[in-house]
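Under the heading transmembrane segment, TrEMBL lists 57-89, 109-129, 136-156, 162-183, 195-215, 230-249, 334-354, 374-391, 398-418, 430-450, 471-490, 496-519. Residues annotated as domain 'Major facilitator superfamily (MFS) profile' in TrEMBL: 61-523.
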Amino acid sequence: MSAEKPQRSAGTRTAIRPASDFGIELHPGVEDLLYDSTALAKAYGGASLKDIFATKLVTTCVLTACTGGLLFGFDQGLLSIILVMPKFLGDFPAIDEASSSAASFNKGLMTAMLELGAFLGAILVGFVADKYSRKVSIGVGLAWFAVGSTIQTASFSVAQLIVGRTLGGIGIGMLSCTAPIYVSEVAPPNVRGALLVMEQFMIVFGIVLMFYITYGTRLIDSAWCYRLPFLLQMVPGFFLGAALFILPFSPRWLASKGRDQECLDTLVRLRNLPATDPRIQAEWLTIRVEAIHNHEALIERHPTLIGSGMKTELRLEAASWVDMFKPAVIRRTMIGIMLMFFQQFVGINALIYYSPTLFETLGLDSALQLHMSGVMNVLQLVAVIAAFFFFDRIGRRPLLLLGSVGMCVAHTVVAIMIGLYSKDWASHSGQAWCGVSFILIYMLAFGLSWGPVPWAMPAEVHASSYRAKGVALSTCSNWLCNFIIGLITPPMIKNIGYGTFIFFAVFSFLSGVWAWFIAPETKGRTLEQMDQVFHSHAAAHDQEMKEQITRVVLGQTPAQTESPIPNASNEKVADVFIERQ
């Protein structure tokens, strides 16, 4: 890795180095790719399975980063069975409805505290991932998760379980939030969407794998029937910790820190192409232009916060969070927040965490409750695998619309079956299995649409200077809503029965209305050109700034000698930028 010292500042163009300064002779076709994001994406290839896994290093990066999703899936898979294990209920009677009148609330609280911890972890990512890198953010999240899992494994009271799940949740929140940022920044533009689906795939794969592991351990005649799954969920963390030593830094994060040569070297490794390739040169220059522009824009927004010291950095950090809700950015911010809101309020984690209880409302016996819970999770995995092939062909918005329709119909049919026939399932087994079938249809619809899209789109819509905080806010929305659903579902099932499915049907319908009127289509766009999708009022100004910077990095015009940022001297801005490296 190069030890290159930063040579430019965020707020002055006097030190922007053209490509020739790096010993790069630009290919004649670079400009065509540089100004045409679609052409650049197509130049890298198609979106077939071969293209998705074309580069070993990118595949390794994606699988490693998405291990956080696997860990979250492990938690969902093991808990759905542990919550109905007689030995677990005997050791923790506060969760057993036969022993405690507050069992429904206690079960919901114990389940939901992981999501509340994940909410806190996602908040941390906006700062850690931007300042210390995406890699460091993954490492910190892993440490939190290890501590939480250890406490859960050794717990002898509900209070200990709650503490362990909260601390482990902080780690899962950081890991799940950092993964889409890192994946979006290392993936080639032609398969970025498909690789972002990997986060949801790993979640569902983790659910299925740990569900069947726990299905087996339930037969152990001791406390290890539930402690062993808690212990085994730490195993992927060891591989993740080892892999961190070989993962490259995100090229976009490197560019944001002025480490342009390292950015180029990393792209060469990730794409397995020489630095003379026009695709590498165009992508590298695009990333550099975007990084320089983002630094200039930040200083342009907050010229009075330029300076050194912790106090100034904290003030700038707070101002950067406020920026996420200003007119130029708020639509992108709210898209991420609402995607995750609907992902949870259409009922997915209610079904996964409490599937045996929900199948019980359809008259299934205890053995069938567990069998059908497993089938349900496998179907979701099949649907997510199918999403790999549709994501960059059909696009994000059509998948959301189709998913909303499928989920709304499924919830409605299940509610009707329970409402009409739940008093006598023995005489209406056909209607019971109709309800079961539509729960399975729901899982297919969700796995193809509202499962993968909300994890992918927030990382796609934000410019790199906003991306970490934008994804952090959307992930916070996910975990906060997940916490609410985990908390309210047991009392809802107990008190309103089929009304639980009506509740989720209403939100499935509203998700479709929102997708029709609000959700953008991001298919085929590079991360650096999302302004065109949103028709931002600031887009013309941004484009003019980017074109000026582009001409400088191409060596077509000399770097200007005066700062383009008002109220900020070149020397002060340059000193601050270099000091932050």
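Cβ atoms here come from the backbone N, Cα and C positions, even for glycine.
Keep in mind that what you see is a predicted model, and the values were worked out from it rather than measured.
Within the same chain, the transmembrane segment (496-519) packs against the transmembrane segment (398-418): three or more Cβ pairs sit under 8 Å, each pair at least 6 residues apart. Only sequence-distant pairs (6 or more apart) were considered; of these, fewer than three Cβ pairs between the transmembrane segment (57-89) and the transmembrane segment (398-418) are under 8 A, so the stretches are not in contact. Looking at 109-129, 334-354, 430-450, the range that has the most CB pairs within less than 8 A of the transmembrane segment (374-391) turns out to be 430-450. The transmembrane segment (430-450) shares the most Cβ pairs under 8 Å with 398-418, out of the stretches 162-183, 195-215, 334-354, 398-418. For the transmembrane segment (136-156), the list of distant contacts is 65, 68, 71, 91, 117, 121, 124-125, 128-129, 163-175, 177-179, 182, 227, 230-231, 233-234, 237, 240-241, 244, 247: same-chain residues at least six beyond its ends, Cβ to Cβ under 8 Å. The list of residues near the transmembrane segment (109-129) in space but at least 6 beyond its ends in sequence, with Cβ under 8 angstroms from a Cβ of it, reads 72, 75, 79, 83, 95, 136-137, 140-141, 144, 148, 158, 161-162, 165-178, 181, 253, 317, 320-321, 353, 468-469, 471-473, 475-476, 478-480, 482-487. Sequence-distant neighbours of the transmembrane segment (195-215) (same chain, 6+ residues past either end, Cβ-Cβ under 8 Å): 52, 58, 62-63, 66-78, 80-82, 176, 179-180, 183-184, 187, 226, 229, 232-233, 352, 370, 373-374, 377-378, 380-381, 384-385, 387-388, 391, 447, 451-452, 455-456, 459-460.
Restricting the average to the domain 'Major facilitator superfamily (MFS) profile' (61-523) gives a pLDDT of 87.
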